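For 1-69, the entry in TrEMBL reads region 'Disordered'. Here TrEMBL flags 34-45 as compositional bias 'Low complexity'. Annotation source TrEMBL lists compositional bias 'Polar residues' at 52-62. What TrEMBL lists as domain 'Amino acid transporter transmembrane' is 99-512. TrEMBL lists 102-124, 130-152, 182-202, 250-271, 339-359, 384-405, 426-447, 453-474, 486-512 with the feature transmembrane segment.
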Amino acid sequence: MGEVNEIGSTPMTPRPASVTPTPPISAPPSQFHSPSLSRSPLLSSADHIQPASKTPKNSTPRIRTPRFITPLGSPIRRALQLTRLDPHDAWLPITESRNGNAYYAAFHTLCSGIGIQALVLPVAFTILGWTWGIINLTVAFIWQLYTLYLLVQLHESTETGMRYSRYLQLCSATFGEKLAKWLALFPITYLSGGTCVALIIIGGSTSKIFFDIVCGGTCNAHPPTSVEWYLIFTSAAVLLSQLPNLNSIAGVSLIGAITAIGYCTLIWIISVVEGRLPGVSYNPVKGSTDVIRIFDVLNALGIIAFAFRGHNLILEIQATMPSDEKHPSRVPMWKGVKVSNTLVALCLFPLAIAGYWAYGQLIPKDGGMLTALYAFHGQDTSQFILGLTSLFVIINAVSSFQIYGMPMFDDMESQYVRRMKKPLPWWLRAIIRAMFGYGCFFVAVAIPFLGSLAGLVGGIALPVTLAYPCFMWLKIKKPKVFGPSWWLNWVLGVFGMALSGVLIAAGIYVIIDTGIEVSFFKPH
């Protein structure tokens, strides 16, 4: 074994060794450490960056804490003695800065938890009706809050001393690398990259509406086309994406959260103030056959499931916090999650209930409440209010693009870091992020009907939110067999996977049966 470095346990600043040179990238042993981005959850000898010292290259660095820091024989101490540090983490945007707190967690979670997908919730109510719509929305909210709790607890392991700073890392540690790629890689990629594409579509089309409202038909300037609006929005998002890491966009997430609450509140209040439309009916829409009715119900459940996304970002958000055995990151993270989910509930439930009350079966399936606002109240509502709502939607879309794009930036930059064993140059980082942003722009222009697939996408992404955390808890925490926790997680996990399968089938059937307006390279 190599020489042993005595390192202090001060939470933020390691004490340099007195004999051997300090490694270029290190962290206090009292903190939990992230696994490598390599195949193994631990660093392989090829990936580890060795300091210029007498320590043999093939040796495993050991970390010891003074006995007065932790009790002798503590399992945490024994685990941390063998923990290998991951120098890559200090160079990647998710874990580059670890000075986050509960406020940052609340901002990020709220910005990622409220989005345009919430505005189509009344569409699900047109199929489910009042009673079942509210029941399913409530059950889905409680279920996703429970799985959020599981992920927060699983972020760091007291047995191994590891911090799983990315959702796919935790999946790989639980299910194995190959199975994790099959189960989680596509839904996680879609929830990040696909959401960025959807945000460009929403932000670009809303920018066009905002221009029309502000101009009011009196401007002499020729209005940009839909594609040009997409490009303008994408350029703004790419410019903002040059902020280096997840902590640096905390202010952006705060602005995104405020604007999300703002437009959700404005839309449902306007709907209530203007009153119900003439001829509104609350009778659930029923298909011509039993099979169609069943698939319609399942598609509505997919819409509700898709409204609760963002679980693929929870571990990444928690990774921005300092953590040690006395002050684990799960404590401030859970505080932030509770605050943000309280605000999420105060936005989603009024939107769904007030929207269905005001529009009933007349709610537009494409765009939901936002489309209804312009279609039904565009003439009798103040232009200032309509313009402000549109502006809030645009700002929120630009802000959400940053947090959903960050895991993609992290993954792309990790390819360079692993191979070159050094941080990414600023100019290359700018190029990579610009390429990602304009790549999303190309997909948005090519497939502008992506928003019509909400039910299908909800089914595909559902396991990431509702099922996988339960199986992770069973595998890692190993609760008592046939105990309450064991039964609860098995039931929720199996039911979540089964529900995902039928939702995917229902989404495909509804698309085939009702059809969608396919218009490649023809954005509206």
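Just so you know, the numbers here start at 1 and follow the chain as drawn.
Just so it is clear, glycine is given a Cβ too, placed from its N, Cα and C backbone atoms.
Of the Cβ pairs linking the transmembrane segment (339-359) with the transmembrane segment (130-152) and spaced 6 or more residues apart, 3 or more are under 8 Å, so the two regions touch.
Here the transmembrane segment (426-447) does not touch the transmembrane segment (250-271). Their Cβ atoms form fewer than 3 pairs under 8 Å, with each pair 6 or more residues apart. Through the fold, the transmembrane segment (130-152) approaches residues 121, 124, 167, 170, 282, 300-301, 304-305, 307-308, 311, 314-315, 318, 330, 333-334, 337, 341, 345, 348-349, 352-353, 356, 465-466, 469-470, 472-473, 489, 492 of its own chain, all at least 6 residues removed from its boundaries and within a Cβ separation under 8 Å. Highest Cβ pair count under 8 Å relative to the transmembrane segment (182-202), across stretches 102-124, 250-271, 384-405, 486-512: 384-405.
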